[in-house]
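Annotated region 'Disordered' per TrEMBL: 55-89, in sequence order. Annotation comment: TrEMBL describes 109-129, 135-156, 163-181, 193-212 as transmembrane segment.
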Amino acid sequence: MAAASATSSGTQSQLSCFSSINRSLHQLHLHRRRSISFPSSPRLPKFSVVMSAGGRATGTPDSDPYKGYESASKSMPYGEETNVEENSRSADLGVEKKSVYGSAMIHDFCFGIPFGALVLSGGIIGLLFSRTYTTFSGVLIGGGLLAFSTYSLKIWRQGKSSLPFVFGQAVLSAALLWKNVEVYSLTKSLFPAGFYAAISAAMLCFYIHVFISGGNPPPKKLQS
């Protein structure tokens with residue numbers, strides 16, 4: 001009995017030694033795996049872009065990717081972005097319209113239409129009494145002056161440059177001045193040659209002023 005108990009106690013001691021050795025090996029193996037394995041990369045928080053009313057973007061960490069879009073839509077009232085774009089476009093158009101206008105004191109058609117009508121009516125009256133080259137050229141020049149001044153008014157209302165029509169009126173005024181100076185030098189008559197020469201010289205100076213100033217002034221609604 002004493003030998004059997006001694007054998008069982010020896011067997012138990014051997015089993016406890018093996019179990020302790022196995023535990024120590026298992027712990028060592030786990031420690032090696034933890035030391036060799038790489039640390040996992042930290043997850044970056046998601047950011048949502050929130051547009052403020054002043055147009056600045058601020059990033060805030062958020063778990064919901066659509067929350068930033070909702071807050072941006074709530075921060076700007078409906079239609080405000082469209083109104084801003086329309087205002088910018090209208091401002092650009094206003095700059096373009098102002099660029100085709102000049103800084104003349106008076107529009108060319110303000111004096112050009114009455115001047116052309118006067119020369120045309122004088123040429124028609126002279127043509128009825130004496131069918132000469134002078135009266136016929138007066139009808140042509142007067143008709144051309146009236147047509148150029150009328151088209152200048154039409155183009156000016158469309159917001160375009162009317163400098164070509166101002167130049168045409170200046171050329172016709174110079175031709176009328178030259179013709180009446182020749183007639184006055186031959187006849188020495190103040191009317192109609194002297195009168196048309198004086199008014200043609202004045203209108204020629206006026207057209208030169210409008211052309212040098214860059215064209216007609218802009219409408220009053222653009223000046224304010």
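Note that Cβ sites are derived from N, Cα and C of the backbone, with glycine treated the same way.
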Report the listed stretch (109-129, 135-156, 193-212) having the maximum count of Cβ pairs within less than 8 Å of the transmembrane segment (163-181). 193-212
Quick test of the contact rule: Cβ under 8 Å, at least six residues beyond the ends. What residues does that give for the transmembrane segment (193-212)? 102, 104-108, 111-112, 115, 118-119, 122, 138, 163, 166-167, 169-170, 173-174, 176-177, 180-181, 183-184, 187
Long-range CB partners for the transmembrane segment (109-129) (under 8 A, at least six residues beyond its ends), listed in sequence order, are 135-150, 152-153, 156, 169, 173, 176, 192, 196, 199, 203, 206-207, 216
